[in-house]
Structures are given as structure tokens and as C-alpha cells.
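Asks: The following feature annotations were taken from Swiss-Prot:
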{"type": "REPEAT", "residues": "41-75", "note": "repeat 'TPR 1'"}
{"type": "REPEAT", "residues": "163-196", "note": "repeat 'TPR 3'"}
{"type": "REPEAT", "residues": "341-374", "note": "repeat 'TPR 7'"}
{"type": "REPEAT", "residues": "451-484", "note": "repeat 'TPR 9'"}
{"type": "REPEAT", "residues": "613-646", "note": "repeat 'TPR 13'"}
{"type": "REPEAT", "residues": "717-750", "note": "repeat 'TPR 16'"}
{"type": "REGION", "residues": "889-1157", "note": "region 'Disordered'"}
{"type": "COMPBIAS", "residues": "901-912", "note": "compositional bias 'Basic residues'"}
{"type": "COMPBIAS", "residues": "958-968", "note": "compositional bias 'Basic residues'"}
{"type": "COMPBIAS", "residues": "983-993", "note": "compositional bias 'Basic residues'"}
Amino acid sequence: MSRGSIEIPLRDTDEVIELDFDQLPEGDEVISILKQEHTQLHIWIALALEYFKQGKTEDFVKLLEAARIDGNLDYRDHEKDQMTCLDTLAAYYVQQARKEKNKDNKKELITQATLLYTMADKIIMYDQNHLLGRACFCLLEGDKMDQADAQFHFVLNQSPNNIPALLGKACISFNKKDYRGALAYYKKALRTNPGCPAGVRLGMGHCFVKLNKLDKARLAFGRALDLNPTCVGALVGLAVLELNNKEADSIKNGVQLLSKAYTIDPSNPMVLNHLANHFFFKKDYSKVQHLALHAFHNTEVEAMQAESCYQLARSFHVQEDYDQAFQYYYQATQFAAASFVLPFFGLGQMYIYRGDKENASQCFEKVLKAYPNNYETMKILGSLYAASDDQEKRDIAKSHLKKVTEQYPDDVEAWIELAQILEQTDIQNALSAYGTATRILQEKVQADVPPEILNNVGALHFRLGNLGEAKKYFLASLDRAKAEAEHDEHYYNSISVTTSYNLARLYEGLCEFHESEKLYKNILREHPNYVDCYLRLGAMARDKGNFYEASDWFKEALQINQDHPDAWSLIGNLHLAKQEWGPGQKKFERILKQPSTQNDTYSMLALGNVWLQTLHQPTRDREKEKRHQDRALAIYKQVLRNDSKNLFAANGIGAVLAHKGYVREARDVFAQVREATADISDVWLNLAHIYVEQKQYISAVQMYENCLRKFYKHQNTEVLLYLARALFKCGKLQECKQILLKARHVAPNDTVLMFNVALVLQRLATLVLKDEKSNLKAVLNAVKELELAHRYFNYLSKVGDKMRFDLALATSEARQCSDLLSQAQYHVARARKQDEEEKEMRTKQEQEKEVLRQKLLKEQEEKHLREIEEQKKLLEQRAQYLEKTRNLLSFTGEMETPKEKKQRGGGGRRSKKNGEFEEFVNDDSDEELAPRKKKRKKGGSSSGEQGEGGDEGEGGEKKKKKRRKRPQKAAGSDDDEEQTPQSKKRQPKKKEKPAKLERTPPSMKGKIKSKAIISSSEDDSDEDKLKIADEGHARDSDSDDGPRKSQKRVISDSDSDNGNKSGSDAGSPQKSQRSDEDSDNAFARKRRRQISGSDNDSAQSRRSSGGSDNESRAASNSAESERGSDRGSDNEGSERASGNQSEQEVEKSERGSDESD
């Protein structure tokens, strides 16, 4: 079937030349015809495209190149054909550049395409086809994706359904990781043209994979294969999906798909790389290398090349060809994108193999940046940084390993690595990490704990001071090492040696020096080159004070290693300890001359200390002193430059500043060092020295004392001397003396201490002797101490150490002591005389005190006798008054008896509530009263005497009432439930003597206001004084109380308000005695009625009872007691009667008696 033809018009004629597409002539022939006939440009382009379709690309290029020059442009719209010609040729060059593997040729083709597109821009810039071609060219260049996006966008704005523009936008979105956007563009293109090629389905499948929609991706790849069975991309996509299922059948299907793709396109780099990966896991490394190399050479895409190099590198890695592996890993990292970090992981391993930890760390850091929580990477980085000297990196390692142990708590290696990092900074957590590793080994792995871990745990306990635990672990490590020696004798014997050395150090800490010495020597017998054993033996000898033996051991170490810095340092320290500054200085300078130890910090500090020490020696050469200061300062600065955190160098700088006189600056330096660490004793001492210089003696003393407590288990004579100096300066000589004596007990032969003790004794003695108030004992003690100081100074002036103090000063002080001793007799005599005077004065004072004491005793005795006499007189007066009162009561009772019998009514009595009558209750006759009172007198003071003794005076009565206040019941209480047991016991006796009631005559009704009852009480608290019993406080408002009580009382319905003021008599001790007092009260009532009957009788009664002032007052109080009885109280011992009320009631009673007459 003919594919068609094209007609070429002949010039200046109407004839044409027809060229059949199936029989196209050579390109050059066609070009000559077209040139000869001056053919229009669009015919050139059509012929060129036909040549391209037939695969004749050379003729296609020749035609288009010739058309650019010779094409006829004399027709309408020739600009569009001219642009099409340029764009078509440029698109061909772009396609060729995409396929070209040679970089130079590719660059040349891209340059030609760029030139052609630029020329086309000048003709028609915004043509859609032109813009599409140029956008595709930008995509090929890779770094012009934004320009391509803008051009595709411009086309879509003009033609929203333009399929090339949609596919271009989809490609750009996919590369920008906007997979949803890319999928949307692919879908729109597919809807616009459902007959799109398989590549559109392939792009959709890749989008579905990125969106994790694997089922849809599988369908898309399958549909692409349906449309194009030879679509390699779809086959590879399906193969990868199958391989990722990680099942045997799926893997088999995936490999078959890859094989099919390889059959279709054996040079496809993607297929080759996937097959290489498959054969790597099949351990067919030769095929891996063949396929990966083939893939590498068949692609110019760097991502593909990186994959190929990685496959090659790991195949060589697993075959332990580390040089080839390193080469390909490195090449892969050059091609790889930022997200492809597997080559960096392998390259890091190669660097570790080569010992280049720095580059290895950089590689793994790149991996960790892409995958922040990758377990293997964090573990490797932690291990690398753990061995670093940089503390920051060690902190990073600690952080990584902590994350590893959190993600995988059973990783023993990670726990051990973490413990090793923590050993230097956090011993407790290091022990915890080792404990976790040990537990995992024993419980999870079911394995024995390695001797290395046991040794490390023991060393940590040793550092913490847990010597018992450390010993246990060291012994366990030795046992494990012996057991494991069967498998690797050489290795585990070396472990045993290290553990034995540690055990010997432990015995040193336990002060078992014999055991440690034995272990060190055993190690040296087996390993004579173990230098540390020589050094420890020398250190033990040095601590015992055997400097020569120590020096021999250190020299033995130098026989093994002539340049061993520790041995030279220890020898230098021996010289410094003996104050041999020159030889010591040479030893440290020798260390610094060695290339390997030219910056040795310890040696530089020791040299600085030597120069600093020379400043303490007395010298008059100021220039020399300044040179020494500058040298020391320069050395300390050099140490700080090498190690900015060296606190000892900073402390040295502070000391030099203090020597130069910059005391404030020195104190600031020392304070900063002390803030950084409180574990350096020198800093504390230097601060205390500064305080002394600033005359802050109290602060200095506190600092010295704190330093002694914190750093020195035993008394340190040097620090004690500093403390004594501070106390001496602040004038505390006694405390200074005690401190110096402590130091003397430690170092009795120290001449400096002896000099200072003598000086303090001399000053103390001088103060005591000059003080005129000093007693004889103090003066004698001062003379004794002065003599001791004199002997000390004399001794020191002859045999003292010239290097430590001036002997002439001791001679001068001895002479001063001698002068003071020559004056001592005067001070002793003065003190003795003063002491004798004081003794005489004390004797005289004692005698005066004794006389005064005897006088006071005599006065007290006389006063006591007078009180006894007065008491006897009072008792006699009381007895007389009681007797008179009884006689009076008996007489008046006999006089009143006939009249009462006439007035007495019936046996019944009217209720108090009616308020019509008051009842008078009579008790026994006079004959029955006397025996009852006699019985009471036998038991003590009679109740009658107590009751009537209260009549001595109204003032006395009130005092007694205030002192004997009782808890009160509410006014108007109806019950007497709180009667004491005594009153209940006496009630039957009262019933045997029936009360004789007597009605008040009607003419007396409402006129008799109150009656008093004179009672006697057995209360001993009134000291046998007489008292008026006021019944106003014990009144009950209800007449029903009468039957329950055998007491005789006057019941009145008047003055109820006053009665309400009285309280309850419950619990009163007098209540139990009222039955005995009723007979006296009866006589008193009879007498009062008779007195109220006539004024003459009343006057006669008053005269008979008024034999004395006291008796007159008693009678008056008795009348007042009668008025108190009107309140209805049945407690005759109550003490609440008021004087004013009593006077008013007396007047009322008298008026009532007048009316009754």
C-alpha cells in the first residue's frame, strides 16, 4: 500500500515533480532539486519529516539544515514554517542529546538545540508547539525545571486540554514530589485522549506507588502492559511490587518479570540494577558485577550510575576486597542524590577499616541526617565518638547510645558502650549500665559475664570508694579469666594481669601494703616490662618515707623505658619534696624536651610551681624576683593555651598575681576556680591567704578550718601553721596556742613550730604580766610559760634551721624573754599581795554574811513565836465568844417558849406558792443541843463554833465569802438533787424529832421579811474563825423541798428577786452538818420573834449580847443572817449575802415587829 507522495512545483512552469514516499531518492538529490526549483519552505519540512519517519535521520538533518538557508519564503505565513523548521531540527538534537553517552558530544548537541530555539524565539515566541518543544528541552537540561513549568503553564492557559503540556506538568509535579498533582494531570490527559500511549499509564502507576496505593499501581502497570507488551518500565514496576512482598512466589514472579524486561531491552540500566540486586542476595557476585557494570555504562543518569556503583561496591565488600569496595562506594557517593545514603553507610565502614574515624563519622552523620532514628547508624556513631578525646563528641555518643538502648533494651553491646562512655563522667550510671548488660547476658543470652566487664565494674567501685565490692568483682574477674583461658590463653592471661594490678591497687587502698607488694612483684616476675608495677612500688616506698628506695624503683622503670614521663615526673617530685629545686627542675625540663611530651601539662605545671616556689625564698634582688614571676606566669599561660579548662594553671596564675600585689584580682581568680571545682585544696588555702592579706582574719580562719575538715583526715602541720598565723594576727592567742600544740604533737621536732609556740607563749605571758588585774595563779603560770619560751628561743638560736627562719631573731626573742623574766618578780609580788588582799576581803565578807544570816534566823524565830501567841489569844477569844453566845441563846429560848406555844397553829403548813404564810420550823429543845455539840468538839473544832465564829465582823464575813465561792444553781431551782451523802445519812435522825410548825398570825402576814439562822460549820478552811451563815444563796423556790430535807429553815415568800440571786448549795461541805445546826437556829428564830414583839425586849437582847465590840458585831451579823434566810436558802454555809441588803432587811424586820405589836 502506497504511503503517499509529494509534488514539487517546477520553476516558471505549471508542471510538478511528484516524489513517491516509498521510493524517495537520496537526500542530496532531493536537496538539489529543491534548490533548483526554489521550492517553498513547507515542502522542505514535509520531505524532511518523511525521511525521519523512514529512519533516514541523516537526510532529515541535511534537508532541514539546507531549508534554513535555501528555502523559499515568498508566501504568506512563511514565518510559521520557518519557526517549525528550526523547532523540528532542535527537537531532533534534543532527542539525540538524551541518548548520547559522550559528555562532549552531548554538550555540543545541547548547544546546537539552544541556538536553534533562540533563533525560533525571534520569529514567533509564543507559538504553542514552539513553547512545548522548548519546555521539553528545559526538562532535559534538569536545572531549568521552573522555566519549563512556566512554559507548560502558558500553553495550558491558552489550551487547557493540550496533552503534551499536561504530561509535562505531570512530569514536573512528580519530580517536585507533588504526586497527587502529577496524578491529576495524568488523569486529565487520559480523559482528554483515552487512547493515550502506555507511557501515561506508566506515569500513573508510579504516582500510585508513591501514594502507597499499591493495588491501583499494579492495575496501572498491568494496563500499560496491555497497551504495550514491551513496556519495560511497566515490567520493572510490577517486578518491584512483587519483590517487595518478600514471599517466595512473589520473588519468583518478580525475577521472571525482570528477566522478560532484560530480554526486551538488555541495556536498560534500571533492569540491570534490579537484576544485580537480586543476584547479590543469591550470592552470585560475578553476575552482580557484570550487570552493574553494564548498567553503569548504559546510562548517563547519575542516580542510575550511583545505584550501579553501590551494587558493585557491596559485592566487593562482601568478598572482602576492601580497596575495590572503597573505590566504588566513593564513586557512588559522588553520583548519589541526597536521599540515597546507602553508599555513605558502606563508605563509612571502609573508613573505619582504614582507621580514619573522622571521615567515617562524617559519612554516618550524613546517613543519620537522612534517617534520624536509624538504629545501626546511631550505634556506630556512638561507638566512634566514644573513643574521641573531644568531650562534645563523647556527649553526642552518650546521647546516641541512650536512644539505642531505649529502642532496643536488650542490645548488650550498646549497654557496654554506654557504660564505657559514662565511666569518666557518671560512675553511678556507668555501674547501672554495666549491671543491665550483665543481667541481659545472664538472663536473656544465658552466657557468663566476661572478665573484662567484671574488671571494669570492680574498677568503678574502687573509684567510688566501695573497696569491699571492688575486691569481690576483681576476684570474680580473675576466676572467669582462668576459666576462659582454655579457649584463648594469651588474651585471657593479659586480662588476668590487668585485674591483678587493679587488685594490688585495691590492697593499697585497704592499707594491706604487704599483699599489694606481693602482687606487684608476682606480676613483675611474669612480665618484667610492666612499668606501672615499678612506679607503684616506688610510690609505696615514698609514702613510707623511704625516698632512696623509691628512687631505685623509679630508676628500674627507666631501665625499661628511658623516656617514660611518669617515672621522670616521680623522680622530679622526690627532689621537690626535699626542696631540691634545681635537680627537680631538670627532670621536668627533660620531659618537655622529648617530642612526644613537649606539651606535657603535668611537667609544665611542675616547672611553673618551681618558679613560683622561688618567690617564697627571701631575696633582695627585685629584678630576679620579677623574672621568676614572669617565667611562672608564662608557663601557666602556656598550659591554659593548651588546655583552656586546666584549673591548676588558673590557680597558679592567681598565686603569681598575689605575689605581684594584685590581691583583689588574685581573689577573683581563686573564687572562679573554686566555683568550677571544690575538690582542690590549694584553692581553699590560697583564698584563705588572700583573706589574711586583706585583714579579714575571721574569714581566713573559717576557710582554713573548712579546708582541714574537707581534705585532711589527720592534722596537717602546714595548714595548722597557716591557721595559727591567722589566729595570731587577729589577737586570739589562746586559740593560736592550742592549734600550735596540736601541730607540735604531730611534728615535735619541727623548729618552725617550736619557734612559733615560743613566740605565742611569750606574747601571752607579756599580756598577763602587764595586766594589773591578773591573779597570782595566772601570773605564776605566765612566768612558767615565759621561762619555757626562753628555753625554746635559746635552743633555736643555736640549732635552728637557717633556711626556715632567721637565727638572730631567735636570739633577740630570747633576750626579750630574759628581760621580762627579770621583771617577773615584781609582777609576782604584786599579784601575791593582791591575792592576799582579796583573800582577806573575802574572809571579812564571809563573816559579815554569817552575822547577817544569824540575825535573820533569830528575827524569823521571834516572829514565829509572836504568831503562835496571837493565834492562841484568838482561839481563847473565840471560845469565850462562843460560850457567851450559847448562854444567850439558851436564855432567850427559855423566855420565848410559852409565847410560841400559844402562837403555834395546826401541824399543816401552807404552800409557799400561795405566798400567804411563812412557816417557822422548830427543832430540838435546849437539852438536846448540848450533847450534840460536845461530840463535834471531840473531832476537832465544833461546827457550832465555826458557825458562830463568823459573827466577828461583817468585813470578815465578806472576805470569807469571796474565798469560798461555790458553783451556783439557777435561781428558783426546785430540786436538791445535789445533796452530799452526809446530808442524806442524817435525815433519819431528823425524822425522829418531828418539827413543830407555827403559823404566822394574820396581822404579821407580809410584814416579816427575813430570818437569820446562826449555824456552825465543820469546814476547817476558815482557820477556826467565826462566820455568819447566809442562807440567801441556798434557797429553793419550791415548798416541796421541805419533806425531802430534815433541815429547819425559815420559808418566806417575799424578796423572791433577792432569792433568785443566790446559787445552789449543791456540793457544799456545810450541807452535811445542817442537821446538827438546826437546834441552834431554832433558838435564834424564837429569839428574833420575841425581839420583834417589843422594842424593850429587843434593846435588852442587844445589851445582853453586846458585852464587847466583837459580840455586838456578831449580834448585828446574826440579824443580817436572819434577813438572808428570807431568800429561801437551805444552805446555811453559803457566802453570798450583801451588806447593803442586810441593812435594808433589818429595818423591814423591825417595822414588821412593831406592826405585830
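Including glycine, each Cβ sits where the backbone N, Cα and C put it.
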Asks: In the same chain, which residue numbers or ranges, 6 or more beyond the ends of the repeat 'TPR 1' (41-75), come under 8 angstroms Cβ to Cβ?
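Replies: Apart from its flanks, the repeat 'TPR 1' (41-75) reaches 6, 8, 19, 21, 24, 26-28, 30-31, 34-35, 81-82, 84-86, 88-89, 92.
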Asks: Within the repeat 'TPR 9' (451-484), count helix residues (DSSP H, G, I), strand residues (E, B) and coil residues, in that order.
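Replies: With helix first, then strand, then coil, the repeat 'TPR 9' (451-484) has 32 helix, 0 strand, 2 coil.
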Asks: List the helix, strand and coil residue totals of the repeat 'TPR 1' (41-75) as derived from DSSP.
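Replies: Summed over the repeat 'TPR 1' (41-75), the classes give 27 helix, 1 strand, 7 coil.
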Asks: When DSSP states are grouped into helix, strand and coil, how many residues of the repeat 'TPR 3' (163-196) land in each?
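Replies: Taking the repeat 'TPR 3' (163-196) as a whole: 27 helix, 0 strand, 7 coil.
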